[in-house]
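Notes to accompany the following structure.
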């Protein structure tokens, strides 16, 4: 038995898709445990680029089984579109299973998400308007429609009718928009149910049987630590738990079954949407990072905000998820910078703090305290051994290890599978 949880350690967009794809080669089962199609991951395989939002990255291996766990909220329309997209690209995909306990994103979730965000005015939280938050709200309120309900005609009809009555009251009386039509939604989603029925399974049981058989299981998180509902930069967070602990509840597996936690971390820092960002660079340096790193959202296309590496955030991620290894991404993007900065602490109210603050009011007031180290000019995209990196690049990696007390086991020097420096085994 071997199981690894793969998480994002910043605000998402760290490059988890590439690492999942890289590690999936040795895994038997790849499990997505939270989030929905608000998260995008890009994978480059055999020179081809694939952009996915809901289906686990491991689907590109035809001998793997991929699982969408109970902690995921599933938009069946998007799911079927992604399967069609892979088919059109003539990809021989692996087996896909969907948890019967996963909740379904309905049309009213998407509509309410957009209406609520627009009503916030200057207090917007940066939602993708894909219905993720409202779907999780219904789950918490215990009125949500699960995959098992969707494929049961009688259950689906009854639950849809009850939900739509409530949601249409909200839409017409609070937001002043037209009500949604029951028959249209029922017909549309019944069609989806027929197409996904054969994929539905007790995912927790599938995972348990795989682990008992001695197989290797990779749990794939979406978003990142600082978007976690409890441990992120609230309220600028997602509605689920991207941290390692989320794998247990979102996949139905006990914590003693987890062997390692790999934190995917970018060699610099990015953020999409609203919220404080101490190391953000609103200058030519930040723009150069954005262009060199192609920092535009997979899901929204929005330009990502860019800044220097923040070791305070990295240490915090290690603490809340028990990270055993880092996968350091996009080291090649920093080639060409004469000097490179690392944030080692925050200055706030004439005091320097070295731990991530719980208060967003304090975090918003934080100014970065930097260490400045030498950069490197060499192109490192073809380097395959750590020892062959420029000395300055090696020193940069070692300094991150020192500041976080965590080993950097994988280093990405380009988007391809083969552009990965391996310094130790994960599985």
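In case you wondered, yes, glycine gets a Cβ from its N, Cα and C as well.
Around residue 13 (active site, proton acceptor), taking its Cβ as the centre, 28 other Cβ atoms fall within 10 Å, counting all chains. Summarising the annotation, Swiss-Prot assigns active site, proton acceptor to 13.
Marked as active site, proton donor by Swiss-Prot: 41. For residue 41 (active site, proton donor), the number of other Cβ atoms no farther than 10 Å from its own Cβ, over all displayed protein chains, is 26.
The number of other CB atoms found within 10 A of the CB of residue 15 (GTP binding site), across every protein chain shown, is 21. Annotation note: residue 15 (GTP binding site) sits in a coil segment as assigned by DSSP. Taken from Swiss-Prot, the feature GTP binding site applies to 12-18, 40-42, 304, 330-332, 412-414.
Feature annotation from Swiss-Prot assigns IMP binding site to 13, 14, 15, 16, 38, 39, 40, 41, 128, 142, 223, 238, 302; the stated evidence is sequence analysis. A coil conformation is recorded for residue 40 (IMP binding site) in the three-state DSSP classification, outside any helix or strand.
As annotated by Swiss-Prot, Mg(2+) binding site applies to 13, 40.
Under a cutoff of 8 A between CB atoms, and with a sequence separation of 6+ in the same chain, the neighbours of residue 303 (substrate binding site) are 290, 295, 296, 297. Residues annotated as substrate binding site in Swiss-Prot, with sequence analysis given as evidence: 298, 299, 300, 301, 302, 303, 304.
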Sparsest-packed among the binding-site residues, when each Cβ's other Cβ atoms within 10 Å are tallied, from 38, 42, 128, 223: 42
Where residue 331 (GTP binding site) falls in three-state DSSP terms: helix
CB within-chain contacts under 8 A for residue 18 (GTP binding site), separation at least 6: 42, 43, 44, 329, 412, 415, 417, 420
Residue 331 (GTP binding site) versus recorded positions 13, 38, 301 - nearest by Cα: 13
Mapped DSSP class for residue 303 (substrate binding site), helix or strand or coil: strand
